[in-house]
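Worksheet: the structure to be examined is printed underneath.
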Amino acid sequence: MGKYFGTDGVRGEANVELTPELAFKLGRFGGYVLSQHETERPKVFVARDTRISGEMLESALIAGLLSVGIEVYKLGVLATPGVSYLVRTEKASAGVMISASHNPALDNGIKFFGNDGFKLADDQELEIEALLDAPEDTLPRPSAEGLGTLVDYPEGLRKYEKFLVTTGTDLSGMTVALDTANGAASVSARDVFLDLNAEIAVIGEKPNGLNINDGVGSTHPEQLQELVKETGADLGLAFDGDSDRLIAVDETGEIVDGDRIIFIIGKYLSEKGLLAHNTIVTTVMSNLGFHKALDKQGINKAITAVGDRYVVEEMRSSGYNLGGEQSGHVIIMDYNTTGDGQLTAIQLAKVMKETGKSLSELAAEVTIYPQKLVNIRVENSMKDRAMEVPAIANIIAKMEDEMAGNGRILVRPSGTEPLLRVMAEAPTDAEVDYYVDTIADVVRTEIGCDN
């Protein structure tokens, strides 16, 4: 991570940290870096979610892009994966999404996609950051016909919707409850599932600029759980603000998280011989029950650090076509280059339809172990060296011995704060509490900030 770019672009409180001035510079410098080797006039797609700050940042960003001679296609409100899809299929130089994903409305973010539809590589982000920090802006300033042009492109939404529908199957007879988080999916999910002939019920479909992710969406599925029960829906589907992740609800109202969704789709692909290298890419935070279910099914796994960018990196480097996170980021590389909540939802419904099984039946193959995570404030200089402290290493080894293979412990530093994260999984809540609390007490004693 750099000074400006985090794991998912540039983020901050809109008009305070992520200002129009910064958005203009990101457009100008980002557009230049991503198009400097183009032989024809570069084309860049720009989209946003429904936040009140979106149009302000969009205007500034587009002005920056136009100032370096780029032809900008303005998509309006569109899901993040829609930008990725259009960049690839319309052969654009780059794409930009203005969104802070599952964060509240006061935040916003700007993330770039290269001409291959993937998020930027670290070296490209560092090149943009170098221009941001340069004492003087020395980039070309074209005039007259050298300036960029702006094209309103509402057709982009229709093309993305049509693509989504082509990946699905006829859902006649199926009732689907949707929660579009008052976000980007609110302009597309209804139409897509109606085109697939599903009966639908929808909440979180009335964005006002301030209510994105507010008590709705993948991080707040409680209303969707109630809607599923009230309507007798076969499944519920909750997206986040930019629709790059999905959390599902089965017909009984129970949550089906990313681990279970990935397993269900992975097993289906594996049985059809369509799972590349018969392997699923997941992160260190995936539940132990997920790993045991994969082992039972004979599916291999590749494990990465937390973050969908690391999952995608492993998929690209090793040729895998399915990966994701417990949080609901699911990447199906046969169709798109980034997490896509609506695409994942369609594939999940397809598995249900083609197997004739309910979502609760499909999800029951993964027994989710109780999981507890505690964040402990420690000396920043020690967070990466905790395992070098004998008392900490010894207590972790002791707890793992007691688990005897029927549980899991993960101790890792925060990437951004002076915190050590202690996580455990075990068959019962009482066991999880015991393992985490025992380790946490030793960590606090040895390297905690309060000592």
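Each Cβ is built from the backbone N, Cα and C atoms, and glycine gets one as well.
Per Swiss-Prot, the feature active site, phosphoserine intermediate maps to SER101. All protein chains shown were included, and the count of other CB atoms within 10 Å of the CB of SER101 (active site, phosphoserine intermediate) stands at 29. Mapped onto three states, the DSSP output places SER101 (active site, phosphoserine intermediate) in coil.
Annotation comment: Swiss-Prot describes SER101, ASP240, ASP242, ASP244 as Mg(2+) binding site, evidence class sequence analysis. The Cβ of ASP244 (Mg(2+) binding site) has ALA79, THR80, PRO81, SER101, ASP308, HIS329, THR338, GLY339, ASP340, GLY341 as same-chain neighbours under 8 Å, each 6 or more residues away in sequence. When secondary structure is read from DSSP and collapsed to three states, ASP244 (Mg(2+) binding site) falls in the coil class.
Here Swiss-Prot flags SER101 as phosphoserine.
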So if I draw a 10 Å sphere around the Cβ of ASP240 (Mg(2+) binding site), how many other Cβ atoms end up inside it?
35
Proximal but sequence-remote residues of the same chain as ASP242 (Mg(2+) binding site) (Cβ under 8 Å, at least 6 apart):
ASP49, ALA79, THR80, MET97, SER99, SER101, GLY183, ALA184
Given the recorded Mg(2+) site (SER101, ASP240, ASP242, ASP244), which additional residues of the same chain have their Cβ within 8 Å of the Cβ centre, ordered by sequence?
ASP49, ALA79, THR80, SER99, HIS102, GLY183, ALA184, PHE239, GLY241, SER243, ARG245, GLY339, GLY341
